[in-house]
Amino acid sequence: LSFAATTPVLADKKKYPNFFRTVPSDNAVNPAVIKFLKKYEWSRVGTLTQDVQRFLQNDLTSKLEKADIRIADTESFSNDPCTNVKKLKDNDVRIIIGQFDENLAAKVFCCVYNLNMYGSKYQWVIPGWYQGNWWEQANSTNCTTKKLLMAMEGYISVDFEPLSTKQTRGVSGRTPQEYEAEYNRRRLQKGLESSKFHGFAYDGIWVIAKTLTRVMAILRQKGHKKIQDYDYTNKELGEIVLDVMNGTNFLGVTGQVMFRNGERMGTIRFNQFQEGQEVKVGEYNAIADVLELMNNTIRFQGVEPPKDRTIVQNQRRNINLPLYSILSAVTILGMFMAGAFLFFNIKNRNHKLIKMSSPYMNNLIILGGMLSYASIFLFGLDGSFVSDKVFETLCTVRTWILTVGYTTAFGAMFAKTWRVHAIFKNVKMKKKIIKDQKLMIIVGGMLLIDLCILICWQIVDPLKRTVEEYNLEADPQGRDIAIRPFLEHCENANMTIWLGIVYAYKGLLMLFGCFLAWETRNVSIPALNDSKYIGMSVYNVGIMCIIGAAVSFLTRDQPNVQFCIVALVIIFCSTITLCLVFMPKLITMRTNPDAATQNRRLQFTQNQKKEDSKTSTSVTSVNQANTSRLEGLQTDNHRLRMRITELDKDLEEVTMQLQDTPEKTPYIKQNHYQDLNNILGIHNFTDGKDGDKSILKNNHEQKPPAQWGSVDPSRTSTEPIEDINSPEHIQRRLSLQLPILHHAYLPSIGGVDASCSSPSVSPSVSPRHRHVQPSFRAMVSGL
């Protein structure tokens, strides 16, 4: 029986079957430590052990594993513990159980101070059998006592209780307090040092006394010899003594004395280092397996006990609700604007300006813009608004809506431009009617390509919800937790490939639109020609999409910035496209609705003749649909016919005067002569090949006519002067000139054909493209 041997080696019953001790072993504190850990729900700990046999024989590790307490890291050291302490910190160990003597304890806490492993986030548990003020006596470190005290503040020490704290009289007839007072009195009389094992020695004597008493009683009952007749080689007596020792159970000054496999089931004391001294905060009764903590005695450095690990709180990086609300409000305004354009387009669909601009295609442009607007609402919804399953569905839906909306808007716009291009580039001068149904088919074909890409994408490699986690961040509120931000994405395995296919298709569509806009840039009817606005739309959309895609990729980890960029790009592109398409029409409807349906280049300049000649032959083909322009040309034709009638009457009157009164002065009135000049001065605008020669030359460009009654100075005075103004000459000239003039002039204004006297041809043929027969052209020019 021992009262002071605490080494765990002696607990091996195979080697020491007859060994007993009244003092708890070093392993006896392990159940108490485990009970203390569970009290504060610490399920993750680390150990720091000195590399000596006393601590290496400790069964703490196995006890912790049986109690389902995870050992995050186990470190052992011989001399310098700093490296091991740092490893504990790197592994995020918050609860550290130390097993080292007081000589190395000062080094450990010096490292603790240097690594800032103390305070509200950490809890140290160390042996409690160190001498008083050990930090002063064993301090061989570079840390000052003040630094050590700061690092040591709040540690928990665990050791056996030397004397019971209960006011109960035990087997000796004394209470533990009365015994301690008697012990100190006798010790002081002899001038001896106090030992913390004196109570266990006192109870050990009582164990021996009670064991011998019980053995002698048993021997008397069996009628055996007296105990004095036995020696230590007697196995029968040895077994009786062993059984009695194991059955020992009495109340001593150190508490209840009993053994389990030779080990003392005693009381474990918990102390806490507070403000430079150790204070008892609780005790553990090994017999009852009960931990009792004193009320309000244990004090942690924080407002609550430290956590056994860094509590990682996942925090979603979601879209700010005010930002989402503001952009949603702007999007709603954009949709209201699109609705207003739709109302305007439907209400005025029969107006010649809107009718010429393909109202059905305009409706598709508005529909595409509204779908693009609607996608903004879906881009702003994340896991904070919807469940994970719904979010994964939204990944697909918003992609489809934006893609279809883009193709619908720009496909309809480019289809309109293609029709204008097909008509005005019709070099064969054939009638060409392209109805809206054909344009619908073209837009449907573009959408069909989109659907094929999207369906293949969805079947082969669908978009899924992925979570991207970021580095831990400190809690902004100062709590003992760490924030791990995470962000939800819509991704798949081959995201780059699918995006490349979509971008390539949209890019080709934009290039096709640019080509059509460039080819139709010279069409002079504003109601048909949107090339300038298409070019502006393509430019703005292309630039904004490139910038938006780049910025969105760079701000991938900032959902608020990314959503703001994407939403603004969609709003800007949709709004600018709708405004460029409809605002000019709206303004024209308010100011001059007829001007947009007329050709702005009826008058050609010398610098434009060559360029306009390329499209002059194509303009006539659009008259099949351009009824308003046809009416204008017919009005001009009618007016010129009336003018011809008036001139015919004047000529007939002159002729009659010449026939009735030949003897009168045969002078033609100056105004009639001016009318003849006007008739002869009519020009044709273009020639079939060079376009720079006129069909008819003005008589003012010829040699000025001789005045009536004047004499040619080239003639000599000896030659007889013939009166060229005689009535016979004038009548002869008129009889030759009038039929030629009449037949040569009418074809240039759409009247009688130059080759026959048939009525005018179809009014759909423009007078500016009528050609005079070369024979009449020469005759009129010669005249």
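Each residue, glycine too, has its Cβ placed from N, Cα and C.
As stated in TrEMBL, the feature transmembrane segment covers range 397-418 out of the listed 199-220, 397-418.
The average pLDDT computed for the domain 'G-protein coupled receptors family 3 profile' (323-605) is 80. Segment contact is absent for the transmembrane segment (397-418) and the transmembrane segment (323-344), given fewer than three CB pairs below 8 angstroms at sequence separation of 6 or more.
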